[in-house]
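Chemist: Look at TrEMBL and you will find 1-32 tagged as signal peptide. What TrEMBL records for 30-230 is domain 'GH16'. Sequence annotations record features per position, and here TrEMBL assigns active site, nucleophile to 116. Per TrEMBL, active site, proton donor is recorded for 120. Residues annotated as N-linked glycosylation site in TrEMBL: 124.
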Ligand SMILES: *[C@@H]1O[C@H](CO)[C@@H](O)[C@H](O)[C@H]1NC(C)=O
Ligand SMILES: *[C@@H]1O[C@H](CO)[C@@H](O)[C@H](O)[C@H]1NC(C)=O
């Protein structure tokens, strides 16, 4: 795998086939469209009122960060397996040190037994590229980071960021393109979160101790407030109900947990290969300095 940031131009040139297969992929997802629902029905906001605003029609939500603190929201419901999607527009301009997180987690806080599926958007100095960091936690342990650059400026417009989660794979999807494939080896002590229902969260916070160039670039508070925007929440999933919802035993009745969603399609494989060639800048599965013995899931093929 190439571990470098390619210039914008070759990416743009090679995007045509991606857009083509993208159209095919998104049409196969149209079954999920009927589940669009409003933010207010689905989320609780977890920050002071002055850090949270909406558009007049309340369809767009804005989370802001300043020196007093950040902001976040969380789904009222938790889910086990499904399709989770939202459109985000990230903090523009000088956003070094600022992290917007969009993630699923089985708990409210950073508990020692939590499962987590993370998208984190690491801000940067004006004109320097945002990075997407993705990660998986199982029972409180993480360390499964990958980092990607994007083929567009995520601060200029809304783009969709989605997670497909079933018992075979977790896909991290950006505008319909599978950026990362995380597989389940099916063994008893696997590192695949598949037991605990998870909530969907988003938050914006200051992480200038590590985020941008490893913490070298500090947040410039003169540029505050930093604002990220959200719209078009879309969930098609098995909603959890204690003690055990019926849909847990029938998840295979749903498109997101059927054969086609257990593996990449041929079209998705093309996109995924393109991402691997052009956008990956860090993969823990290639970091033998950090993991002299690579975690077991690193040997699983995303192509199966
Ligand atoms: C999960 O983590 C907790 C706390 O670290 C530990 O006590 C427990 O045995 C773990 N459970 C499993 C199934 O590994
Ligand atoms: C920020 O920009 C620098 C310079 O282009 C780049 O090396 C770095 O990977 C970018 N992102 C982060 C999160 O540091």
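A Cβ is built for glycine as well, from the same backbone N, Cα and C atoms used for every other residue.
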Chemist: Between the residue listed as 'active site, nucleophile' and the residue listed as 'N-linked glycosylation site', how many Å separate their Cα atoms?
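Modeler: The separation of the Cα atoms works out to 25 Å.
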Chemist: Three-state secondary structure of residue 120 (active site, proton donor) from DSSP?
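Modeler: Looking at the DSSP assignment, residue 120 (active site, proton donor) belongs to a strand.
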Chemist: For ligand 2, which among the recorded positions 116, 120, 124 have a CB under 6 Å from it?
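Modeler: Within range of ligand 2: 124.
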Chemist: Calculate the per-residue pLDDT averaged over the domain 'GH16' (30-230) and state the result as an integer.
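Modeler: Averaged over the domain 'GH16' (30-230), the predicted model reaches a pLDDT of 93.
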Chemist: Non-local Cβ contacts of the residue listed as 'active site, proton donor' (under 8 Å, 6 or more apart, same chain)?
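Modeler: When sequence neighbours closer than 6 are ignored, the residue listed as 'active site, proton donor' has 99, 100, 101, 102, 103, 132, 133, 134, 135 within Cβ distance under 8 Å.
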